[in-house]
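Now, the feature entries from TrEMBL:
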- 27-418: domain 'Citrate transporter-like' (DOMAIN)
- 33-53: transmembrane segment (TRANSMEM)
- 65-82: transmembrane segment (TRANSMEM)
- 181-204: transmembrane segment (TRANSMEM)
- 277-310: transmembrane segment (TRANSMEM)
- 322-340: transmembrane segment (TRANSMEM)
- 365-388: transmembrane segment (TRANSMEM)
- 408-432: transmembrane segment (TRANSMEM)
- 452-470: transmembrane segment (TRANSMEM)
Amino acid sequence: MAMASMMKVVLGSIAFGFFWVLAVFPAVPFLPIGRTAGALLGAMLMVVFRVISPYEANEAIDLDILGLLFGTMVVSVYLERADMFKYLGKLLTWKSRGGKDLLFRVCLVSAISSALFTNDTCCILLTEFILKIARQNNLPPQPFLLALASSSNIGSAATPIGNPQNLVIAVQSKISFEKFLFGILPSMLLGVLVNGAILLCYFWKLLSIERDQEVEAEAGDLVVENEVINSHQSPHASSVNSRDFSFGIDVVTPSSLVNANSKDPPNENWKRFLWKICVYLVTIGMLVALFLGFNMSCTAVTAALALVVLDFKDARPCLEKVSYTLLVFFCGMFIAVHGFNKTGIPSTLWEAVERYSRIDSTGGIALLSVVILLLSNVASNVPTVLLLGSRVAASAASISATEEARAWLILAWVSTVAGNLSLLGSAANLIVCEQARRAQFYSYNLSFWSHLKFGVPSTIIVNAIGLPFIRSY
């Protein structure tokens, strides 16, 4: 694609610059309006500056992706109400054999649940469980929080519904759920095991010393709590800011779920039990339909509506937990990225590196992975996928159709695992950090540097080990 006129290039770059700055730094001092408003501002400027027409802006919004996002959000809300994540929390401690065993369980459970129920949702609802388990067993929270965040990111790479960038890739590439899963699953499983091994290497001594010493060593990282305030603070209020980063549901902490269940009258227990079974069956049916190749957007929305009907009550409280700001953010992002593509800058930059980044050679895959990894941490992973996806696929399509599908899967793998590089690399990391810091009874401060010391080597090693096992079928 040739470069647009100089005026379009300059104005399009300014509009995209507003979007990028506010997407990466939502509370920037000179314009602290947040990610969603920043995306809308960038989109509006693209139209006002006449980089794209209003019609083109409307066409840039992908309704299939929005439908899939909405459907999975609603399903996650009902799974939360059906105590799915409480049971996952109990699974972590069932016949546990100590800190090292628990660490690997956190890695496996968070990875698998994130692949099926999205990484951000799992991080929201499992963080407090893991903090509680660690504190009750006098174990240091840091390795378990890192295990949750990093393994959720790695696990979410395996399916189209694991994270937002995979949703975009699945819709744009038209790769079926089955092929997507089997193409990345070996890398995901190996990546989770390697990630767990790296965590054990980092924290072996800390998980092996006497319990009293562990508690003393970790005391410096505890957040000082105001007991008077926290004793009267609701779980919703304590973590409300986490919604800014979440995949799509309001934050409800596990303790609030337990308290809510305890208020059910005895004669209502059997009804609630049957309703839970129905929720799980609908969810399983959704996953089976996705696996069989049904339209992902329609399947997710159908499952969501089935759960609304089965609940047989006003759906407003559940639908209000859906993050509509996330849907609006995606609309703005689609338009802003489409406008930036119209300037010709992304195409020109890609043409400069395309011949060195072809996936038919080891060097090409390595360079492409570095580009994706760096851009994912600079511009965030979803914009990276929108900017690079079609170009990487077109380059691979000149080799073969199989390589085109493989290129999409490589993009999904690298852009997702890239989120483990730093605390700011993915929404899941930020959710774990905020949830842990604001937890009502087991607060812990996971610092940027403590995450970075683990995140850099883990991201590089897991990416490198997983890439050779990515296949298209």
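Our numbering is plain: 1 for the first residue shown, then up by one each step along the chain.
For all residues, glycine too, the Cβ spot is worked out from N, Cα and C.
Contact counts against the transmembrane segment (65-82), taken as Cβ pairs under 8 Å, peak for 322-340 among the stretches 33-53, 322-340, 365-388, 452-470. Below 8 angstroms of C-beta separation, residues 12-13, 15-16, 19, 23, 35-36, 38-43, 46-47, 51-52, 56-57, 60-62, 65-66, 69-70, 73-74, 77, 164, 243, 246-250, 346, 382-383, 386-387 of the same chain, each at least six residues beyond the ends of the transmembrane segment (322-340), sit close to that stretch.
Ranked by the number of CB pairs under 8 Å to the transmembrane segment (408-432), the listed stretches 33-53, 181-204, 365-388, 452-470 are led by 365-388. Most Cβ pairs under 8 Å to the transmembrane segment (452-470), among the stretches 33-53, 181-204, 365-388, belong to 181-204.
Taking Cβ pairs closer than 8 Å, the transmembrane segment (33-53) reaches residues 4, 8, 11-12, 14-16, 18-23, 26-27, 60, 244, 325-326, 328-336, 338-340, 342-343 in its own chain, all 6 or more past its ends. The predicted model assigns the domain 'Citrate transporter-like' (27-418) a mean pLDDT of 84.
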